[in-house]
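Q: One structure, pasted below without further comment.
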Amino acid sequence: MSVDYANYTVLMPPTPDNQPSGGAPPAAPSAGGARPGDLPLPPYGSSSSSRLVNRRGGGDDGAKMDRRLSTARVPAPSSNKSLLVRSQTGDFDHNRWLFETKGTYGIGNAYWPQDNVYGDDGGGGAVKMEDLVEKPWKPLSRKVPIPPGILSPYRLLVLVRFVALFLFLVWRVTNPNMDALWLWGISIVCEFWFAFSWLLDQMPKLNPINRAADLAALKEKFESPSPTNPTGRSDLPGLDVFISTADPYKEPTLVTANTLLSILATEYPVEKLFVYISDDGGALLTFESMAEACAFAKVWVPFCRKHSIEPRNPDSYFTQKGDPTKGKKRPDFVKDRRWIKREYDEFKIRVNSLPDLIRRRANALNARERKLARDKQAAGDADALASVKAATWMADGTHWPGTWLDPSPDHAKGDHASIVQVMIKNPHHDVVYGEAGDHPYLDMTDVDMRIPMFAYLSREKRAGYDHNKKAGAMNAMVRASAILSNGPFMLNFDCDHYIYNCQAIREAMCYMLDRGGDRICYIQFPQRFEGIDPSDRYANHNTVFFDGNMRALDGLQGPMYVGTGCLFRRYAIYGFNPPRAIEYRGTYGQTKVPIDPRQGSEAMPGAGGGRSGGGSVGGDHELQALSTAHPDHEAPQKFGKSKMFIESIAVAEYQGRPLQDHPSVLNGRPPGALLMPRPPLDAATVAESVSVISCWYEDNTEWGQRVGWIYGSVTEDVVTGYRMHNRGWRSVYCITRRDAFRGTAPINLTDRLHQVLRWATGSVEIFFSKNNAVLASRRLKFLQRMAYLNVGIYPFTSLFLIMYCLLPALSLFSGQFIVATLDPTFLSYLLLITITLMLLCLLEVKWSGIGLEEWWRNEQFWVIGGTSAHLAAVLQGLLKVVAGIEISFTLTAKAAAEDDDDPFAELYLIKWTSLFIPPLAVIGINIIALVVGVSRTVYAEIPQYSKLLGGGFFSFWVLAHYYPFAKGLMGRRGRTPTIVYVWAGLISITVSLLWITISPPDDSVAQGGIDV
């Protein structure tokens, strides 16, 4: 049984038995003596706590005794998840805080003084216990290292496997198979690449860590009464939340509305939360669906606050299994839930009926316009009827400025005006409690009735402009939100991802606002999914990546940005360098060198107006240096010509700083700087937000090049995160005990392969661009560079993987093998490499918390995707780079599911795509090869079954990886589309004829084989 030990620092007070030797007893402190709050704060991790006790009347240095007590805690349960559970917020351990700052008698070390004081028993100058608990000194987060009993063997096994691979490859090179040099050569090339690929993937995993956030400390520091905040008003910074959508028919508006409701109801100060949705399609359906969601939010949000509902996505809440009354204490919960459920059902009906309602409204109003035009034409206006267009109308009887149902110039999906509509205005700065009688059915007494601000955005699109897809939409939201709210932090969501844990944002803030948090550019949350089949056939959960690779990167420079569920520092998105940036010099970046803050920094606009919401911009030496190095007149060249936007940059940087509550906190802001109410929005501000999302605003600026989301790749998220890491920023991986966010993932085989194809295509684009990690700056750590290099290289493994998957079949066809004989040395190396791989897998499962089945599913889909989507991505990328030809892979056939009520009906849909051809070929060739090999052995004059061992075993191993693919092609109850049989037959006939042509059968076939 393992026992964890926590160190305490115990400081002995000046008692009669604890006096300095050879000195007079110290005088008792007077009533007017210095109190703890009047003394300078000690730095973390120093002996300042000892000096503090001494200055309180403990005598000279001889009066201090520093002792450590080791107290054993109850060991955590033995399971894969024990490490994760222990590292989360609910089990935050303040022992380390006590050790790092000032563990004293009053905080539970040795004993609790009966009179609750230090020093004299009744002196007026005694220091009270309350004075010792000074909240600014408590850290908001901490690292939880992986136990050495797991990590040390893991690293040792990596070294052992590396040595084994090296010796194996040396042996393979020095022992060629002279009877089949072509087979030996192909296998050698593949094995060298696999070893290189394994190193790129494995080396960044050498330092995984866990983290823990302290929500209680966050509340105590930012939302509790203090001398600078007497009323306990929230001093947290503002947060802008972005939702992205593009097509209301591909991304159902009801799903988007539920995402919006979960965000509006999250636990964050209402006056500090601002929500935006970017509708890149400019659809009236999305606009009116959001308006319906805002109306429903007026009852849903207070209901969630009153009864502490979780999750706060109404669709997920009402469909989850289990007893809804569990943990609910209010007697009116059942009545309230029944009423709100009925309201939600009516809300769904209204949202689902909107397409028909909008169509009928448009038809009616267009008919009216045509009638009026005919009347004018009859009165003599010949062009009246020709000028009438089939418009789409809003509910107030005006033309919709976005995309019309029947597209026309200035009203098409790629050609429409900017739209900004603030649907929910800034809430009141003070809490607005409900009262009895405010609602006819719900008692909202003492419930905060305010709802966060919400705005609908649709950027301008015009023909002839490159709108840069999602990256362009995100940059438009960044600019508009800077004008309207200017939250120093931004959180982005896809429209199908919602907040599952209403405390998740607060946990992220613990890292951003902790000491040193000003160097963190973003907090990435793991992606969790709902609606996945229980067996996770196509590895949709992807836990090996999210719980393994990303957790390991957190121990380096931080996880990559992988899309939805990421909280950004606005200042970092603007392309600025981090404070106190360092370079990693030397062969492996082992030397850290601080750099001049002016070096390579961006323009720092001067502080000015902007919508700051309280507080002023600090003027420390670093910001002055930035401003001096890059005058303000350069800012429009980078950020555009909006003066209001440029003035907001310095305000956002200042508000995003940690509190300057300790000498060790550099580049901080004073407590209480963000307590002032925000000014209300006015027409000029909204007009400016419309201007900054126009299609011409980015002309002659650095948006998409160095500022904002980076253009030029379909995986703009990875490139954007890479650019920030390359400037020296750090990121943090935030795994919460309860999933922070949840979303949906494609469970259909074709959709899953096309998703992987898009990711792999983006990686190939990264490899052939200036974002290749080989060209990274010295601010990127060596192992972090390897991780980003692997991102650009991994699709190319498909070229070697498909050859290696065909090697067993070629061995069975030819009667040869990759080695001349099954030498004991070869088998020993193979056994050692396999055993070390299995042991590494077991230890990785231990420190990451993933399951063995999840690991195996990931391995299977790596082979499936590697021989289909990755291969297509490499082909697509090479054709684009070399010949400038762009190709696409489309769906050509679809088999309908039988049971529409089955939640996993999509799993059984078979939509034919050309991506199926390579895996089908590998499966067909290996099956035929097994038949040929078995037949050759069975019908030989002298059967030698041992000759099947090499090729037969590896061929079976390849087929085992393709089992989920084959099962997916069978559909439900074996209803496989005809096209699958056609391709399988074509492949079989082609392979058979090809082999007969190359190696016609003769009487000597029976003598073929490998020597054992």
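Glycine is treated like the rest: Cβ placed from N, Cα and C.
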Q: Pick from 493-513, 871-891: which range does Swiss-Prot record as transmembrane segment?
A: 871-891
Q: Kindly point out the range from 683-703, 914-934 that Swiss-Prot annotates with transmembrane segment.
A: 914-934
Q: Return the residues near ASP280 (active site), defined as same-chain residues 6+ apart in sequence whose C-beta is under 8 angstroms from its C-beta, sorted by sequence, else 'none'.
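A: ASP280 (active site) has long-range Cβ partners SER244, THR245, ALA246, SER458, ARG459, HIS467, LYS470, ALA473.
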Q: What does DSSP assign ASP280 (active site), in three states?
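A: In three-state terms, ASP280 (active site) counts as coil.
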Q: In sequence order, which same-chain residues at least six apart have a C-beta under 8 angstroms from ASP717 (active site)?
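A: Residues satisfying the criterion: TYR561, VAL562, GLY563, CYS566, TRP709.
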Q: Can you work out which residues elsewhere in the same chain, 6+ from the ends of the transmembrane segment (914-934), have a Cβ less than 8 Å from its Cβ atoms?
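A: For the transmembrane segment (914-934), the nonlocal Cβ contacts are 750, 753-754, 757, 802, 805-806, 808-813, 864, 867-869, 871-872, 889, 892, 948, 951-952, 955-956, 958-959, 962, 965-966, 969, 980, 983-984, 987-988, 991-992, 995.
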Q: Report, as numbers and ranges, every residue of the chain located at least six residues beyond the transmembrane segment (825-845) whose Cβ falls under 8 Å of a Cβ in that stretch; write 'none' if there are none.
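A: 80, 150, 153-154, 157-158, 160-161, 164-165, 167-168, 171, 175, 202, 205, 548, 819, 851-852, 855.
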Q: Mind checking which residues of the chain, 6+ beyond the ends of the transmembrane segment (180-200), have their Cβ under 8 Å from one of its Cβ atoms?
A: 162, 165, 168-169, 172-173, 786-787, 789-790, 793-794, 797, 800-801, 803-804, 807, 810-811, 814, 816-819
